[in-house]
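Q: Here you go, one structure.
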Amino acid sequence: MVTINISNPVYFSDIKDVESEFLTSIPNGLTHEEAQNRLSEYGENRLEADSGVSAWKVLLRQVLNAMCVVLILAAALSFGTTDWIEGGVISAIIVLNITVGFIQEYKAEKTMDSLRTLASPMAHVTRSSKTDAIDSHLLVPGDVVVLKTGDVVPADLRLVETVNFETDEALLTGESLPVIKDAHATFQMNEDVPIGDRINLAYSSSIVTKGRAKGICYATGMQTQIGAIAAGLRQKGKLFQRPEKDEPNYRRKLNKYYLKVTSYYVQRVLGLNVGTPLQRKLTVLAYILFCIAIILAIIVMAAHSFHVTNEVSIYAISLGISIIPESLIAVLSITMAMGQKNMSKRRVIVRKLEALEALGGVTDICSDKTGTITQGKMITRRVWIPSYGYLSVDTSDANNPTIGTVSGLEAAMQDVLKEKKQEMKNIDPSNQPSDQFIPLLKTCALCNLSTVNQTETGEWVVKGEPTEIALHVFSKRFNYGKEDLLKTNTFVREYPFDSEIKRMAVIYEDQQGQYTVYAKGAVERILERCSTSNGSTLEEPDRELIIAQMETLAAEGLRVLALATKVIDKADNWETLPRDVAESSLEFVSLVGIYDPPRTESKGAVELCHRAGIRVHMLTGDHPETAKAIAREVGIIPPFISDRDPNMSWMVMTGSQFDALSDEEVDSLKALCLVIARCAPQTKVKMIEALHRRKAFVAMTGDGVNDSPSLKQANVGIAMGQNGSDVAKDASDIVLTDDNFSSIVNAIEEGRRMFDNIMRFVLHLLVSNVGEVILLVVGLAFRDEVHLSVFPMSPVEILWCNMITSSFPSMGLGMELAQPDVMERLPHDNKVGIFQKSLIVDMMVYGFFLGVVSLMTWVVIMYGFGTGNLSYDCNAHYHAGCNDVFKARSAVFAVVTFCILIMAVEVKNFDNSLFNLHGIPWGEWNFRYFLHTLVENKFLAWAIALAAVSVFPTIYIPVINRDVFKHTYIGWEWGVVAVAVMFYFFYVEIWKSIRRSLTNPQKKGKFRRTLSNTITTESKLSEKDLEHRLFLQSRRA
């Protein structure tokens, strides 16, 4: 990247000099053409820490895979015994396996990189007089960048405008406290200014903790301060710290250092410390099987008194190969890559592959309300003004102030709206509003950072937080928009919204030189700062009436804010005016009820969670009544539970109530609350910890800077892609591109589908290995004329079954659609993973009988209908005496192939019969449905069909059959094959029937009642009984 040449360090230069040196314009920014030219000149805004996906590393992992190592040894032994054909076939399969594995894993790595870019930090940049969000990698020197609370600074900036702006620079300086920035600060040219004291700069990767700012980008990529640190770390280039020679016990520490380094890189080369937990488990499995293969080879040699001839070596090769599922890792990589793509299609970006595996095991979802369960497009629905009464807005377009109607009702302070709604009368907002409305409208517009503008085409375009947009649109209805008011009011000072105190305030000066504070925030937090209302002292009864009105509005599902104002004396220095002074002795103006309607799909998604045994908790900063109304509407709280019901006391809590409970008190509850209102960031962390102590597997949503601790604490952290801060996205495991609660449920469903499919193809692959091992181990007993064992299956036959017959159907199983009951079952246990007891039992049962029917096929043909003459040298060559052996081998090969293909269809469902895979009532069953279930997965159907057809060329094509596969053509033996395959099919169906009879439907969740059906308000049930019925039913047995 080209170094940027400027006359002086930018922190010494004033704003105008920086603007001219970088040939930019603060109001307009660079033009798009100039930005493109500078991108070509200076390069992308990236650190050079990661070279991206390394092809040779991916290739090395394929070669050093345990599965591949066994094949390489087998090829070497084959060439060593001068069996060139067999060695050549094994070598070809090695090349094929490495090629397929390399292509799929490389594509998967590239896909992961591209998906990460989708969730990469964005920068808000002014170019050609328009501010847009662009990929931060496209920033160039001279760009004008706009920052707000929660942003990660995308490059090094010379600040040109700051409003209560602070950044966290702990990453650079180690300073734990945020640094207050000042765009207009200047320094003397010869002054030594440390990095942390350059308060007119904002550094790349620092976090905006407060306020907003604008700055000119002066350094990108490796030219930034963080880039300099990265360069220094690269020069050190050490994963482990080598001890210094003058350290005590230097020699012992040096030996430990070498041991750690060697161990790390050996494990890395072998794949034991890379990849996801499942990939690491399967890699460990591969090496275990490799060890078993060596043991089996030793058993073969021991059976021949360690007199190792060529035939003994070939038999050892066969047995070693039979235990290895050569295509397992490749099929897993393909399945994971497909899972990522499917997730992205369902608006979920997977940032960490571990989350892809874990989603299916989620037991609890802790979700925010605004924009996730609800639409995130708010409208001002109700307003209560003590000096007037009520205003009500009805509209179909949240962003258009010219659409909809405004109605009003003059009422006494103690009147309740719901008793007098019929008396409301329409108000024409285009007329000059009443004096009673002016403080309300000014506060809505001026204490506001949003913009509401109409384009030349008549379209209304809004920017900002939904709550502020709703207030701004409301004031705009009365022609009191912020742009209109700024003509007669001058901005002085802002006290930004703080999640701890839950309020915001601004100070403006009008044309008469009068300074006014406008404040908005949570009702309790504004009310505690108010001393008057409507010109009179605010007494305790007045406060109680305001709270009562707030609860009335909140009971309608409205988010209620309070507005306040006061005239303030001119300060000597506005920047040093304490917030407590500005926000004291306020005059209460009004309550504003804002409505954020639930998304249409939220209710169905919550119901689906209940059926899937997933508990949904809503953690929101809203008022308890607002949270309760929305929770009831979407089904988190059953609609028939009234507000007076005693069970509501544990269903809905405030953050302060929950925080007041000790861990012991929380753990003594049989169920955690469904809704936490007024929830602070630390409350979310406490909730997750409480769930973890109950052995729950938690998904947590978040969008703000303060949500990052809870996102990291959760098993699966979910950030919002549209409204989430960069810090939250960085702390998350997955990102929702549409901020929609139903997308979380979609992700869990996809996670369950993928988990089921991995279990399917793992079972399918390992069953054939178990069967082949049993066949070949027992086959050691079949001795020829020179007392050497004759294998019932040749090495090439085994490789064909494992690579061709099994691999492609296994890939098809990885593409299986979700079962109809995938969201009717309890979450799986992530600690156990795919190697559950049921899978191991099925593998042994199916594998054992595959070995039995294969062995019986061999025995029947050789000893039942044949002569039983095993002749000699039949493991290596064909001659007339080996005809029976080669025919029996063909039949065994056909039986193993067709049984493997039957298993590929049978494992589509672990319990249901092949004739009714989806388990529909038999009265609705028909043959068309049966055929549909067989061919609905087209890739699997074609893979099975082609694998079945491939048996015949291998048996009947001359040279290939006898010289390569070590078998020959058969005739009447097909009858034995058919009977053996039928026996295996019936055996599988009988075992499935036994499984169904042993399986408790309640454990499957098939008949589990939903939350709404489970709750009852019978007075006989105590609170704990009700909690128990609600939640403990859905826990694992």
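Cβ atoms here come from the backbone N, Cα and C positions, even for glycine.
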Q: Consult Swiss-Prot and decide if PHE187 and GLY814 are found on one and the same side of the membrane.
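A: Topology check (Swiss-Prot): PHE187 vs GLY814, same domain name.
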Q: Can you dig through Swiss-Prot and tell me which residue of ASN342, ASN647, ASN869 is labelled N-linked glycosylation site?
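A: Looking at Swiss-Prot, the N-linked glycosylation site feature maps to ASN869.
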Q: Which of these, ASP17, ASP667, ASP703, does Swiss-Prot list as part of the Mg(2+) site with ASP368, THR370?
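A: Of ASP17, ASP667, ASP703, ASP703 joins ASP368, THR370 in the Mg(2+) site that Swiss-Prot records.
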Q: Looking at SER344, SER725, SER1012, which one is marked phosphoserine in Swiss-Prot?
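A: Comparing SER344, SER725, SER1012 with the record, Swiss-Prot tags SER1012 as phosphoserine.
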Q: If we call contact 3 or more Cβ pairs under 8 Å (sequence gap 6 or more), are the transmembrane segment (940-960) and the transmembrane segment (84-104) touching?
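A: When sequence-distant Cβ pairs are counted, the transmembrane segment (84-104) does not touch the transmembrane segment (940-960), since fewer than 3 lie under 8 Å.
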Q: When the Cα-Cα distance from LYS684 (ATP binding site) is computed for each of the recorded positions ASP368, THR370, ASP703, ASN869, which gives the smallest value?
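A: Nearest by Cα distance to LYS684 (ATP binding site): ASP368.
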Q: Can you work out the mean pLDDT of the predicted model over the topological domain 'Cytoplasmic' (809-844)?
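A: Value for the topological domain 'Cytoplasmic' (809-844), mean pLDDT as a whole number: 85.
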Q: Given the recorded positions LYS520, THR620, ASP703, ASN869, which lie within 10 A of ASP368 (active site, 4-aspartylphosphate intermediate) by CA-CA distance?
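A: Hits: THR620, ASP703.
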Q: CA-CA, which of the recorded positions THR620, ASP622, ASN869 lies nearest ASP703 (Mg(2+) binding site)?
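A: Checking each of THR620, ASP622, ASN869 against ASP703 (Mg(2+) binding site), the shortest Cα distance is to THR620.
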Q: Summarise the topological domain 'Extracellular' (303-313) by DSSP state, stating how many residues are helix, strand and coil.
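A: Counting residues by DSSP class gives 5 helix, 0 strand, 6 coil.
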Q: Under a criterion of Cβ-Cβ distance under 8 Å and sequence separation of at least 6, what residues of the same chain contact ASP622 (ATP binding site)?
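A: ASP622 (ATP binding site) has long-range Cβ partners LYS369, THR370, ARG559, ILE630, ALA677, ARG678.
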Q: Sequence-remote contacts (6 or more beyond its ends) of the transmembrane segment (845-865), Cβ cut-off under 8 Å?
A: 763, 766-775, 778-779, 782, 792-793, 884-885, 887-889, 891-892, 895-896, 899-900, 903, 972-973, 976-977, 980-981, 983-984, 987-988, 991
